[in-house]
Amino acid sequence: MSSHHPNNSWQAKAQAFGMLMIDISHYLALLVIGLVVIWAGGAEFISIVQAGKAELKDILMLFIYLELLAMIGIYFKTHRLPVQFLIYIAITALSRHLVVDVQAVSEDFHLWLLITTTFSIFILSIAIFILTWTASKFGRPEDNLLREDSSQQHSLQEHSAKKNSTDINQDNNSHITSIKTDPSEK
């Protein structure tokens, strides 16, 4: 039994170390992404200031950067990446495309591009509605993950407490047994 316990301890330590490395790599990647987004947003802001005016396309681009930073912030706080933010970014990018790029397209293609871009925004809006509705009605998958994580941690804590209690009881019982079976104490 004692040979099985160190093996579990080694595996638990290796798993904890692996999880720590994954967390560190996530944080480093998010830090790099955050710095790049801040850098790109700053460059966009400087170009707006240099131009002396802010057009709608510039403002929409700044909103995209803001939403990216919000996504990164949410991940740092919750360790989850909500799909809704990716959809918001896509809607903002398509809106920017609709406002800026569609005007520059030739007349033959203009109508179809306008229709498909608008339809894409509509579909993404429906996706946001469905995700929000299902999250309020049935909960979110990350809620289940959080519950599983907390129940696993609780289960591990209970197991550890029981194991410690059993070890203490076994130590006490062996001491008591040795006292009772000592031949000098008749």
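Please read every residue number as a count from 1 along the shown chain.
Placement of Cβ uses the backbone N, Cα and C atoms for every residue, glycine included.
Just so you know, TrEMBL annotations are computer predictions that nobody has curated.
TrEMBL lists 148-165 with the feature compositional bias 'Basic and acidic residues'. Summarising the annotation, TrEMBL assigns compositional bias 'Polar residues' to 166-186. Summarising the annotation, TrEMBL assigns region 'Disordered' to 148-186. Annotated transmembrane segment per TrEMBL: 27-47, 59-76, 82-99, 111-135, in sequence order.
With respect to Cβ pairs under 8 Å, the transmembrane segment (111-135) is most closely packed against 82-99, considering the stretches 27-47, 59-76, 82-99. Sequence-distant contacts of the transmembrane segment (82-99) (same chain, at least 6 residues past either end, Cβ-Cβ under 8 Å): 56-57, 60-61, 63-64, 67-68, 70-71, 74, 114, 117-118, 120-121, 124-125, 127-128, 131-132.
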